[in-house]
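Asker: Here it is: the structure, laid out below.
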Amino acid sequence: MAIANKNIIFVAGLGGIGLDTSREIVKSGPKNLVILDRIDNPTAIAELKAINPKVTVTFYPYDVTVPVAETIKLLKTIFAQLKTVDLLINGAGILDDHQIERTIAVNFTGTVNTTTAIMEFWDKRKGGPGGVVANICSVTGFNAIYQVPVYSASKAAALSFTNSLARLAPITGVTAYSINPGITRTPLVHKFNSWLDVEPRVGELLLEHPTQTTLECAQNFVKAIEANKNGAIWQLDLGQLIAVEWTKHWDSHI
């Protein structure tokens, strides 16, 4: 998918990886970039507008834990303005295994609910034009950081959901792929809580090993968007973009 002249909704587009990805996206010249985030950041929005004045950058406050009906209401406003949306990026995430319910609500349920809401406008069975979903998951969905099992499991769930979305594309007209960053130097990683405090230094220990910058991750994210491969499981790690081949251990045969 060429980003130029497209309409993109980016959930959590002002976070660590999110903001650098938003910067790279506006450089590529979409028609509209609509950012949905829990916390407004007027300085960041102004910066994005300045990077490419031809791009219309819009912000709406959004909490991914709201009911689906609330998200549909917000999307109605956005679709009324844009008429069409080409790409939805689900990027909301927290890393704090003290907050068990919220971790699941943000990292998994929020992704499911936001995707479910946009189906009201995209699903070809409802007369929709289809669309593309890019879900930010994590390499911990492949193999857990076992000291944060709740976070890791929430990302594995989001990855499984995304893989199913891709398989449903012939029915819905909506394609999907996952973005799975490795350890990236963001405020999220510097200090966070392990489950039951099994390892108080888990963030510090991770940063003792090779990592990547948010810019490296963002640049590869844009490459994945441009590749636009339904069902792709993209690993964005150590500055590289790798297509992961998923090993099938079981099949429902339906």
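Indices start at 1 and increase along the chain as displayed.
Cβ coordinates are placed from backbone N, Cα and C, and glycine is handled just like the others.
Because the structure is a prediction, the values reported are computed rather than measured.
Swiss-Prot lists these features:
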BINDING   10-33  NAD(+) binding site
BINDING   S138  substrate binding site
ACT_SITE  Y151  active site, proton acceptor
Asker: Can you tell me the three-state DSSP label for F10 (NAD(+) binding site)?
Answerer: strand
Asker: Would you count the other C-beta atoms found within 10 angstroms of the C-beta of G16 (NAD(+) binding site) for me?
Answerer: 19
Asker: Please list, in sequence order, the residues in the chain of K31 (NAD(+) binding site) that are at least six apart in sequence and whose C-beta is under 8 Å away from its C-beta.
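Answerer: Expected: N5, K6, N7, V55, T56.
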Asker: Select one residue from L19, I25: among these binding-site residues, choose the one with the most other Cβ atoms within 10 Å of its Cβ.
Answerer: I25
Asker: With the residue listed as 'substrate binding site' as the reference Cα, tell me which of the binding-site residues G16, L19, S22 is the closest one.
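Answerer: So, of the listed binding-site residues, the one sitting closest to the residue listed as 'substrate binding site' is G16.
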Asker: How many Å lie between the Cα of G13 (NAD(+) binding site) and the Cα of Y151 (active site, proton acceptor)?
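Answerer: Their Cα atoms are separated by 20 Å.
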Asker: Select the most exposed residue of S22, S28, where exposure means the fewest other Cβ atoms within 10 Å, treating these as the binding-site residues.
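Answerer: Per-residue Cβ counts within 10 Å for the binding-site residues S22, S28 bottom out at S28.
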Asker: Between the Cα atoms of S22 (NAD(+) binding site) and Y151 (active site, proton acceptor), what distance do you get, rounded to the nearest Å?
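Answerer: It is 24 Å, counting Cα to Cα.
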Asker: Could you state the whole-number distance in Å separating the C-alpha atoms of Y151 (active site, proton acceptor) and I25 (NAD(+) binding site)?
Answerer: 27
Asker: What is the one among the recorded positions F10, Y151 whose Cβ has the most other Cβ atoms less than or equal to 10 Å away?
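Answerer: The residue with the densest Cβ neighbourhood is Y151.
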